[in-house]
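One structure is given below, encoded as C-alpha cells.
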There are 2 protein chains.
Amino acid sequence: MTVNEQERDGVIVNEGKMIEALMQQDIRAFREEYLLIHPYDRAVFYEKVDAALRKIMYYFLSPKELAEIFETSEIDDSEYKEFLQEMDTTYAADMISYMFVDNAVDVLKELDKSQIASYLTLMDKEAAAQIKSLLHYEEYTAGSIMTTEYVSVPENSTVRSAMTILRNEAPSAETIYYVFVVSDDNKLTGVVSLRDLIIADEDALIGSIMNERVVSVIVSDDQEDVARTTQDYNLLAVPVVDFQQHMLGIITVDDVIDVLDEEASDDYSKLAAVANMDTFDKNSFSAAKKRIPWLIVLLVLGMLTANLIDMFTETISQVALLAAFIPLIAGTAGNSGTQALAVAVRGIATRDIEEESKFKLLLREAGTGIITGLICAIFVILLIFVWKHEFVIALLVGAAILVSIFVATISGSFIPLFMHKMKIDPAVASGPFITTLNDVISIIIYLGLATTFISSL
Amino acid sequence: MTVNEQERDGVIVNEGKMIEALMQQDIRAFREEYLLIHPYDRAVFYEKVDAALRKIMYYFLSPKELAEIFETSEIDDSEYKEFLQEMDTTYAADMISYMFVDNAVDVLKELDKSQIASYLTLMDKEAAAQIKSLLHYEEYTAGSIMTTEYVSVPENSTVRSAMTILRNEAPSAETIYYVFVVSDDNKLTGVVSLRDLIIADEDALIGSIMNERVVSVIVSDDQEDVARTTQDYNLLAVPVVDFQQHMLGIITVDDVIDVLDEEASDDYSKLAAVANMDTFDKNSFSAAKKRIPWLIVLLVLGMLTANLIDMFTETISQVALLAAFIPLIAGTAGNSGTQALAVAVRGIATRDIEEESKFKLLLREAGTGIITGLICAIFVILLIFVWKHEFVIALLVGAAILVSIFVATISGSFIPLFMHKMKIDPAVASGPFITTLNDVISIIIYLGLATTFISSL
C-alpha cells in the first residue's frame, strides 16, 4: 500500500478505527492514529463525524492540536459558530489564540459581538491584542486577510543574526521563506528570501544582499487586486503596508489561492444567477433560498417582455408564424450579450482590460458585434428560407438578429465597464439584466419591423 | 516616491527612459534601468514594445536574462511562437535551455514538430534531455505541468549534508523550500521542509526528522485534481510520482495558481458560451471567431424551438396572448436549469460533490425544484391575474412554470453529473444545451396544456 492511497481512496486514513477509539473512550488509540494523518485529513474527519463524537475529541485533543485543524480550508466559515458552541468556552478561546492571527480573525468574524468580546477576554493577552488590531479592517481588503506573524529584521543586522531570528520565530511565523527588512521606524525597505540567506556569507549585512524593489500592497487594497499581484509576481507572500510604507503584515500564497477561488466562484454564481455558491448546500431549502430571489426578479423582468409582446397581439394574430421566432431572436440576443458580458467581466477580473483603453475595447466589441451579427443573420435567412420558403419572414428575422446581436454585444461590454468605473462589482449586472434588456430591444426591433411590413407578409 | 508606486502607476518603471535607450542603441543605460525592475515588469515592457525594439533587446540581453522574462505568466502561450521567430535560432535555443524545464516545455509545445527538433538539437545536451523527458506527457495531466528541477536527498544523509546539497542546487532548483527524501531506487519516502532543516540539529539524520506521510500526486492525474490537492493541503509544491511511487518531478504553487485560474476561466467561458477566454483578444475578428461557433449552434437549436412553436400556430392564432408568455416561460426554465447546472459544475470542480452520494444530490435538487417551482408559480399566477384579469391563462402559465422549473432543475444537475461520470468535462454541456432542452420541454408543456384547454380560454 503506497502513501498515495492515503488521499486517493482513504485507505490509510482509517476512519473506522478512529471512530471506534472515540466510542470506546480510548484516548491513546485515537491520538495515535489521528495525529499521524495530515491536518487536512484530520479536518475532513472532524467535520464528518457527528457532534457527540466531536465532543469526545475536545477531551482527547489539546486546544493547540485543534487549532491546527481549524487552520485548514476544509472547514467553511459558516460552520465555525456551530463548532465553537460545542466546546467549553475557555477551551474555544484557547484554541483561537493558538491559530494564526488571520485565521483567528476569520473565525471571530462569524460570531456576534458579545461572543467575540467574551472570547477575547478569556484569551491570552498578547493574542487578543493582535486579533483586535486586525478585526477592524474592512471585508475584502488586504487588511482583512493579512496576518501579523511575519519575520522582520533591521537593515544593519548580519545574515547570521537574521538566521538566528528566523530559527527562533520559525514555530510561530506563518512563513519564514521571506524575511522583511524594516527601518527603525518600521518602514519596509527590502526583502530577503531564505534562499538568498542560506547561500549568503554569514557575515554579510542584510542591507547589502536585500532586494530593495520589494513588491508590496496597501492595507486598503481590494483582496482580488492583492491576489493578482501575488500571482503576477510569483510570490509566496506579499507584504502589506500603510500609505507611509509602514509594515503592517503579510498575506501568504495559500490565502491568495483561496481569494482567487472565492472570486471565481462569485463571478460564476452571478453569471448563473445563483446568490452565492461559496458554500455547498446540504438541503433543498437552503439551495432554493439562493435561487428564488433571482428567479423572481427574472420573472418580473420577463413580465415586461410579455407585456411588450402583448402590444403586438394584432400583428401576431395576423401572422402567427411570427410568434415562433420570438424565442429564437430573444435567445440569440441574450446569448451574444452574455458572451460580451462574460468577456468584459473576466477581463476586468484578470486585469487584462486595465492594460488598454476602454474606448478601444468598445470599438472592438462593436466590430465583433457587426461580424457575428452579419454571419448569424445570413445563416438564419438561408435556414428559414430553405425550411419555410418564407422569404419576407426570413429577411425580417435576419434583420432583427443582426441588429439585436449588435446592440447586445455593445451593451454587454459597456454595462460592466461602466459599473466597474462606478466601483460597482460588474458581475452583478450579469446575465439576467443583460438578457432582459436584450429581450426587450430585440422584440421591439422584430415585432416593430413586422408591424411596419405586415402588408408584405 | 515610495517603492509601492512602482507597480501602482508605473512611475518607477521608467518606460520612456528604456525606450529612448533602445532607440539610441545605448546598451549601458538600457541594462541599468531594465535589470533593476522586477522580471514581471520586464515582461510587461517586453510585450508592450514593438518588434523592432524587441530585436534590439535581443542584442542587449543575454539568453539567460531573457529566459527570466519568459518564465513569467505575463507572456501568453499564443505569443511564444511569434517572439521566438524574431530571435536568432541559436539565441532562442539558448534562452529555452536556461528556462525551468516545465516552462521550456510550455514554450516548445506551441511550436511545430520540426521547429522543436531544431531547437533541441541546438541546445545544451542535458537541458534537451530533460525537456524531451517531459514533452511526451499528455496535456492537462500532472506530468505536463511538472518540473524536474527539485532537490532530493537520501534518507541516511545528515541535516548538514542536506543543507550543502540545498546550497549547491539553490540556483537551479525551482523551489528549495521542500527537500524530497528518496530511497536508493528513487522511490519517494518522505519530505523535509527547509523550515524543519534550519531548526534541526546539524548531525540529525534526514530519515529521523522527515515527514513520512507525504502527500503526492500520480503523473497521469488531472491537473485540476492536482491543484485542488495542493490547495487543500496548503503545499508550496507537490511531488509527482509514477504508479510505483518513483519520484518524477514536482509541481510548484505558482503553476497551481495558474491551473486553478485557467480552469475557472474555462468553466466561466463555457457557461457564457464563448469558446475560450484564456487569452484576451486584441481584435474583433479573433473575438468573433470564439463566439460564432456557439451562436450558430444555438441558432440551429433555436430553430427546433421555432419549429415546435410553429406546430401550435392554430392555438396561437386563436389566443394571441398565449404568445406573449412564451419567452417568460422558456426564460424561467432556462434560468433555473442554468442555476442547477452551475451549482453542479462548480461542485464537481471544487470536489464538494465527491464527498456525498449522487443519489442524495439528485434528490435534493428535486426538492429544490419543487420548492422554487411552487413559489414562482404562485407568484406568476398572482401577477398575471392582477395585471390581465385572465384567470385561466394565469393558471396555465403557472402550471407550465411549475413543471418547467422542476424538470429544468433535475436535468440541470443530472446532465453534468452524468457527463462527469462518463469522463466528459461537465462544463461542456453548459448553458446552451440545457437552455434549449428546457425551452423545448417548457414550450411543449405550455402550448400542449393550452391546446387541451383552448375551449376555456
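Keep in mind that glycine also has a Cβ here, set from the backbone N, Cα and C atoms.
Here TrEMBL flags B:146-208 (among others) as domain 'CBS'.
Across the domain 'CBS' (B:210-268), DSSP assigns 26 helix, 16 strand, 17 coil. Among the features that TrEMBL reports, domain 'CBS' is placed at B:210-268 (among others).
Long-range Cβ contacts of the transmembrane segment (B:292-309) within its own chain (Cβ-Cβ under 8 Å, at least 6 residues beyond either end) map to 273-275, 316, 326, 330, 432-433, 436, 439-440, 443-444, 447. Look at TrEMBL and you will find B:292-309 (among others) tagged as transmembrane segment.
The transmembrane segment annotation in TrEMBL covers B:321-345 (among others).
Positions annotated as transmembrane segment by TrEMBL: B:366-387 (among others).
Annotated transmembrane segment per TrEMBL: B:393-419 (among others), in sequence order.
According to TrEMBL, the feature transmembrane segment maps to B:431-454 (among others). Same-chain residues lying 6+ beyond the ends of the transmembrane segment (B:431-454) with a Cβ under 8 Å from its Cβ atoms: 270-273, 294, 297-298, 301-302, 304-305, 308-309, 312, 315-316, 318-319, 322, 325-326, 329-330, 332-334, 336-338, 341, 392, 396-397, 399-400, 403-404, 407-408, 411-412, 415.
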Chain residues outside the transmembrane segment (B:393-419) and at least six past its termini with a C-beta under 8 angstroms from it: 319, 321-322, 325, 328-329, 332-334, 336-341, 343-345, 348, 353, 358, 361-362, 365-366, 368-370, 372-374, 376-378, 380-385, 425-429, 433-434, 437-438, 441-442, 445-446, 449-450, 453, 457
Tally of residues which DSSP labels helix, strand or coil - the domain 'CBS' (B:146-208): 20 helix, 18 strand, 25 coil
Intrachain neighbours beyond the transmembrane segment (B:321-345), with Cβ under 8 angstroms and 6 or more residues off its ends: 267, 271, 305, 309, 315, 353, 361, 365, 368-369, 372-373, 376, 380, 384, 388, 390, 393, 397, 400-401, 404-405, 407-413, 415-417, 426-427, 429-431, 434-435, 437-439, 441-443, 446-447, 450, 457
